[in-house]
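S.K.: Below is a structure I'd like to ask you about.
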């Protein structure tokens with residue numbers, strides 16, 4: 001990791017992490033001091049201002065370990081593209097290469113490792129935003145900031161939905177299929193290969209290249225390895241996309257919360273607006289009950305056993321085909337219904353979703369974007385993505401014309 005000195009960024013004092021600190025997250029004091037000293041070894045220029053304003057230049061060094069030569073890299077901040085309690089994300093240009101990157105700057109508690117950085121270092125997938133490198137920056141008040149240098153993707157699924165909504169148009173179905181398929185592929189990878197639950201799937205965290213329509217999952221600030229038997233906080237995930245077990249306050253949830261969130265995103269792509277709008281948890285539960293009906297005692301037990309005696313208003317489920325317009329493909333409605341189940345264990349798993357008939361059009365060798373361009377890469381699986389997958393699933397998953405991309409399958 002490299003180091004940099006920049007002047008203060010005000011206003012971001014929220015301690016990172018979510019209160020779920022394990023033994024592995026804590027740095028011993030002497031190691032913590034040593035690590036930070038090591039990372040400040042090549043102190044870069046201290047920049048006036050907060051380093052995120054247009055025109056500010058941040059100079060850092062990378063390499064210098066395992067025999068690699070040290071390199072100086074300069075980034076010119078261009079504009080802020082996102083901010084929140086975590087800190088700020090800004091677009092920057094590398095002056096040496098001309099490459100545009102996104103830099104996520106977060107306040108770092110010196111006592112703990114940064115879980116987002118630990119997670120990002122494990123990730124390598126075409127549908128997950130990639131970490132290029134990272135560096136620390138310090139302020140005059142000796143606050144430590146972690147800067148994650150990420151690949152830059154210009155659009156979000158949220159803005160694409162807004163675009164069609166403003167035009168009063170439905171999103172072309174090929175885009176709905178493409179975006180949802182790629183989200184499931186990213187989820188299958190992080191759930192099965194890395195063992196991580198994202199915990200904040202929403203259209204704003206789904207980046208999209210407007211030319212190729214390749215989608216990348218971003219923002220692993222809430223992501224966590226879920227260990228069976230270990231409690232997790234339930235106040236996680238953004239409103240509209242929160243699984244009902246989270247609204248019920250469950251602390252022993254599974255990666256099925258991400259699958260519920262994708263169900264909400266898919267419904268929003270189809271409808272042009274959120275399926276379960278609600279400002280507070282109770283409002284959202286009401287919206288969910290209006291669609292799925294009152295959960296049965298057994299379903300409540302699956303979500304949070306402490307609520308089985310709670311008296312809910314008895315409401316019948318609203319048929320899915322009445323929620324969507326008449327011309328909605330039956331496969332789309334079927335997939336939504338398999339994702340938005342009260343019982344987490346009944347929700348379709350991400351890998352199985354990829355073989356759903358809704359995505360059959362994407363497996364057609366003649367499928368093209370409305371512009372006439374080829375589809376983005378959808379079948380360039382790596383061996384670890386498909387480890388342990390039954391042959392019959394593989395046959396459905398990788399169409400014949402794409403099998404040369406996966407020679408390790410021996411199909």
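Just so it is clear, glycine is given a Cβ too, placed from its N, Cα and C backbone atoms.
According to Swiss-Prot, the protein carries these features:
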type     : residues                                : note
ACT_SITE : 200                                     : active site, proton acceptor
BINDING  : 81, 82, 83, 84, 85, 86, 87, 88, 89, 104 : ATP binding site
DOMAIN   : 75-359                                  : domain 'Protein kinase'
MOD_RES  : 235                                     : phosphotyrosine
S.K.: Counting every protein chain present, what is the number of Cβ atoms, excluding its own, within 10 Å of the Cβ of residue 200 (active site, proton acceptor)?
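M.R.: A count of 22.
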S.K.: Between the Cα atoms of residue 83 (ATP binding site) and residue 200 (active site, proton acceptor), find the distance and write it as a whole number of Å.
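M.R.: Given the Cα positions, residue 83 (ATP binding site) is 15 Å from residue 200 (active site, proton acceptor).
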S.K.: Please identify, from the binding-site residues 81, 89, the residue with the sparsest Cβ neighbourhood, meaning fewest other Cβ atoms within 10 angstroms.
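M.R.: Minimum Cβ neighbour count within 10 Å, taken over the binding-site residues 81, 89, occurs at 81.
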S.K.: Cα distance, residue 200 (active site, proton acceptor) to residue 81 (ATP binding site), nearest Å?
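M.R.: With the alpha carbons as reference points, the distance is 18 Å.
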S.K.: Looking only at C-alpha atoms, tell me how far residue 87 (ATP binding site) is from residue 235 (phosphotyrosine), rounded to the nearest Å.
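M.R.: Cα to Cα, residue 87 (ATP binding site) and residue 235 (phosphotyrosine) are separated by 19 Å.
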S.K.: For the recorded positions 83, 87, 235, which one has the sparsest Cβ surroundings, going by other Cβ atoms within 10 Å?
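M.R.: Selected from the recorded positions 83, 87, 235 on minimum Cβ neighbours within 10 Å: 235.
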S.K.: In this predicted model, what is the average pLDDT of the domain 'Protein kinase' (75-359)?
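M.R.: For the domain 'Protein kinase' (75-359), the model's average pLDDT rounds to 94.
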S.K.: Whole-number Å only: compute the distance from the Cα of residue 89 (ATP binding site) to the Cα of residue 200 (active site, proton acceptor).
M.R.: 17
